[in-house]
Every structure is written in structure tokens, then in C-alpha cells.
Ligand code: GTP
Ligand code: SPV
Ligand code: MN
């Protein structure tokens, strides 16, 4: 498809403008067809950028190895370019939009030399749903086009919906590596050096300009840039919520179902929870989404959620038959792998796949790699943030209603992170505002999903949205408070919980996690029905010690540790929030949250 086939005048004008700026060799429109996808993948294979995997073991699958400098989101190079710095708030990087556009135009000038410019019309959310939004990404990366074809709904149907004058969010992307006449990438992943990478959001004009990276959330602009950073701004203005949340459906042995969303920071277990196989008999979990939820109030006062994505961009390491059977099944065909290791028979392997490396591997850097289990210092064969891009409809546990344009009604919202101490396995907020308080204080160990912040350190990541909120985080807290102003007691709004699967003792996880998290989901289910065994504590409502069935290997002693309020630890928490976290927001911090902190401290000191 070419630009001549397009009927949308404004879109055509934008494409011409970008073409004149970036100077590509040619322009191709993504029509969403399998033929086009296959042809693009073939090009990547022929040019040496991708390796076709063993078609018996992994039909329709390929493997890409990125540049070693381009392996995850780059938070220090991510910008919210609002007109006023205050509107970006204390947690975002800010550059004046006029200045940033001028810098970027300098970089974009001629940046697509020797490359094809692709135009990708895409829908976040089921086509035509009242909750969905349309975007158009311009990119010079075939890898990005193929990933977008899995992660979003792409092509002619979207153009039909747009018509001649429909609204779309313009998303501009370049890997930032122009080619000289006759030069090729020579099988090397193209990207720009760190200081030239810019992942820019312009919240007032609702534009995305990304430069210099070809990886994940930096480059697949429908995902974090549009469905979270720009969408969070739209959500604030239009009265809904755009969140970094999984959506699951849970059904009890009597056949009664509820829908639950959960916000955990990157690489903290959303995909795993969304697809878990319960270890308690008779219970069933199905998936609606694994990373992003858009929630809108319905006429009945309940919150209805859709998954704006159409695929999973999931963390590979740690994914095994026993930890996440469903993710493996979803990624068993028609999947793009990035930065995992390659076996001799052209299959994939990664740390935590559930079996030893079968012979000699090629690691994610392209080097020979032989497993040495005695060498604790051995570098991993797969990058810790290596990923699979798999179509959601290939997931065996995808819920039949996952594309319902109306969304699904949410009963519970979970917050959580990786906390080796202090935070118990689960507690429930007393009311909506208390739940917002819990979301606002979430802390977590940083993971490999972020390139430029040291992994392992604990940082506050409110609502798991720290890198994804498109405006002042204090105003975002206020927006959450406002969403609950008429329903504090949560007659219709979801109940809110704080969970922690990551408590450690002697360096080992105390709670087995994964499928056993269903035991906690069961208690949450019972809380929603008002039939759970609960006890009131200074931090909120908790399960009694016998309310949650103990999994194998968890002693009564462990359970006590998981479910006791660590008063000293929580007082340290309060202190940190009071001195380091909340003051950042200044007058933007809702007074309700400051009051919640006082109430918590009083209760802990009693
Ligand atoms: P993003 O895609 O980056 O947003 O990550 P995510 O939140 O979807 O995380 P994911 O489910 O991919 O899990 C990340 C890592 O945490 C994987 O290595 C998992 O094996 C591990 N993990 C997930 N759930 C649990 C759990 O319940 N317990 C423990 N110990 N590890 C878990
Ligand atoms: C995350 O980091 O939260 C992800 C991966 O889901 S990325 O799409 O790269 O943002
Ligand atoms: Mn994520």
C-alpha cells in the first residue's frame, strides 16, 4: 500500500512533512496483511538482522539480537515536554517543547537515508470500541512494524475507521542511524548513541517523537508512550484511568467470576499473574491483558476495563512450563524473540526456562556460550530483559471476552512490587482513598526492564506508573482521589489491595509465588463478597493467620512472618514517605493522602 491510497488529507500532509524531513528512500503503508508481515520478516532474515528459528519446533518464529547498548527502556532519556515544567511534575524529565522539537528536528533531518519509511495505522483497543484510540506510527524499522502488527491492531481496517478526517495520535519514530549511499546495516541492529536517544511525549499537542532506540517501549509507540503517557493525560481530561495493569478473570468452584486488575512495576509479575494456573482445586484464572488497562466508569458506577493491546511483550527469563505454561504456549509459534539465546538446532533458551542449556549456545551478544553451573559469575546467555512478542489470541487461557468493546467490570485492584521485607503478603485498604494512599506509596526493587537505573535498589514507584505518567504525579494522585469521591465505601468501585510475593528470608523467597498466588486471589475474591476471614490492623485489613491455605513448603512460622505487621519496618516506611517521597509533590499532593500518612503513623505508634 502506498500514500496515494490514503484518503485522510491531514494524515497525508503529515506523512509528506515527515518524508521531507527524514528523507527516506521510499514510503510503505502497513496494511496489516500476513503477506506484508511475512515479507518484512523475510527481509530481516535476508539482511542478517533476524534468524529464522527451527520451523518444526517454533513455526513462524524468529530471533533478533539487539545492539548491546539498546536492550530496555531508557528512563533518563524519556521526556514529558509540557509547556510548563510544573505540569510534567517532580518525577518526570522535562524539556521545553519548542527547544526539544528544535533539537529533534536537527536529529531527524535526513535520518532515514537509505531506509524505508513505514506508516503504521493502529488501534489501541478493539476496533471501534468506544474506549479505543487510534494512532499512526511512522518508523524506519521493519522490526518495529512487525512487533506493532502483533501488539496492536494494524492496517486497512484502522484506516477505514479513521475515514477522511478521524482523530489519531501522531507517533514519529526513527532508529537514528541513516545509511550512506550503498551502505547497509550488515546484520547489525541500528540505533543511535545514548546521548542522542530521546523518547519524547508532548502532552498538550498529544504527539510522540522517539529517536535513537529500536527496543520495546522506546520504539513500539502504541505501548508505553501512547497507551500510558499520552493516554494518562487523556484519561485525566476525560474522567477515566490509563494504567500499567494486568487484567484477569477469576472463577471460583461454584462458577462465579470476578475481574481483577493489578499494577506492579516492570518485571514484577503482571504477565505471570494474568496467566497463572491456580494450585487450589476448582479455581480458574483467564487472561484479559498482561500490561495495560484502560478503565472507564460505566452507567452503573462500576469501572470497566479493556486491554488496549493485542499481544504480549513478555519477559523471557524465568518463564518455564511450571512458572508460566500459558505464556510459553502463547509464544510457541508466530512469535518474535529478542535477545534470548539460540540453541544449535535453532531453538530458543533462557535462564529459568526449566531445563539445562542443550549443548553449545549463541548468547544474546552473538557469542558462543557453554553453560557452566559451577561458575556463579557466568554472564547470562539471555539478556535479563530479553522478551517474546506473541499474539494474545494464541494464549490458551485468554478469556473469551478479552476483546469485548464494552470492557469487563472490575471488582478488585491490586498494587504491589518487589519488597524483600516489611510489606506483608496481602492487605486490603479500608476505603477508596486509603487504596489510593497504598498505590501512592508503592516501592519496589528496580529490575532489568530499565536500562539506566541500577537494578536491585528500592525506589518508590507509585501505581507502578513512575516511568509512565504523562503529567504531574501529584495531580495524578488527585485524579485517582476524584474518581472515588462519590463512592468512598466502594459500593460499586473496586476494592483495593496491596500484595507482595517477594518477601525474602536468608536470601530465599518465603512465598513460592506463581500458581500459589491463587491462594491470595481467593482471599481477595472472598473480601469482595464480604465473606473473608479478616483482622483489622494498623496498616489496613489483613487475613487471619488461617484465612489463606498454606502452600507446600511454607511453614506456619513463615506464614506468620508473611502476615504480621512489622511495626518498626512500617515506621521506617512512614519516615521515608514523609521526608523523601511526599514532599516532592509540594502543593500538588492531595491533602487526603497527607492525612492518611498521619493516620497510619498514629495507628502504628498506638
Ligand atoms: P513487564 O512486562 O516488564 O511490565 O513485566 P511483568 O510485570 O509482566 O513481569 P513478569 O510477569 O514478566 O515477571 C517478571 C519476572 O518476575 C519473571 O522472571 C518472573 O519469573 C518473575 N515472577 C513473576 N511472578 C513471580 C512470583 O509470584 N514470585 C517470584 N518469586 N517471581 C515471580
Ligand atoms: C515494561 O518495562 O514495563 C514493559 C516492557 O512492559 S516495555 O514495553 O519495553 O516498556
Ligand atoms: Mn510493563
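The backbone N, Cα and C atoms fix where each Cβ goes, and this holds for glycine too.
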Candidates 290, 291, 300, the one TrEMBL lists with 224, 244 as binding Mn(2+): 291
Residue from 123, 174, 266 that TrEMBL also lists as binding substrate with 73, 215, 216, 217, 385, 386, 387: 266
Neighbour count (Cβ, 10 Å) for residue 215 (substrate binding site): 28
Contacting recorded positions for ligand 3, chosen from 266, 268, 291 when the Cβ sits under 6 angstroms of any of its atoms: 266, 291
In three-state DSSP terms, the structure that residue 269 (GTP binding site) belongs to: coil
Distance-selected recorded positions near ligand 2 (C-beta under 6 Å), from 216, 268, 385, 387: 216
Separation of alpha carbons, residue 215 (substrate binding site) and residue 269 (GTP binding site) (Å): 20
By Cα-Cα distance, the member of binding-site residues 224, 291, 386, 516 nearest residue 268 (active site): 291
Neighbourhood of ligand 1 - recorded positions from 73, 266, 267, 268, 271, 385 with Cβ under 6 Å: 266, 267, 268, 271
Across the domain 'Phosphoenolpyruvate carboxykinase GTP-utilising N-terminal' (14-236), average pLDDT on the 0 to 100 scale: 98
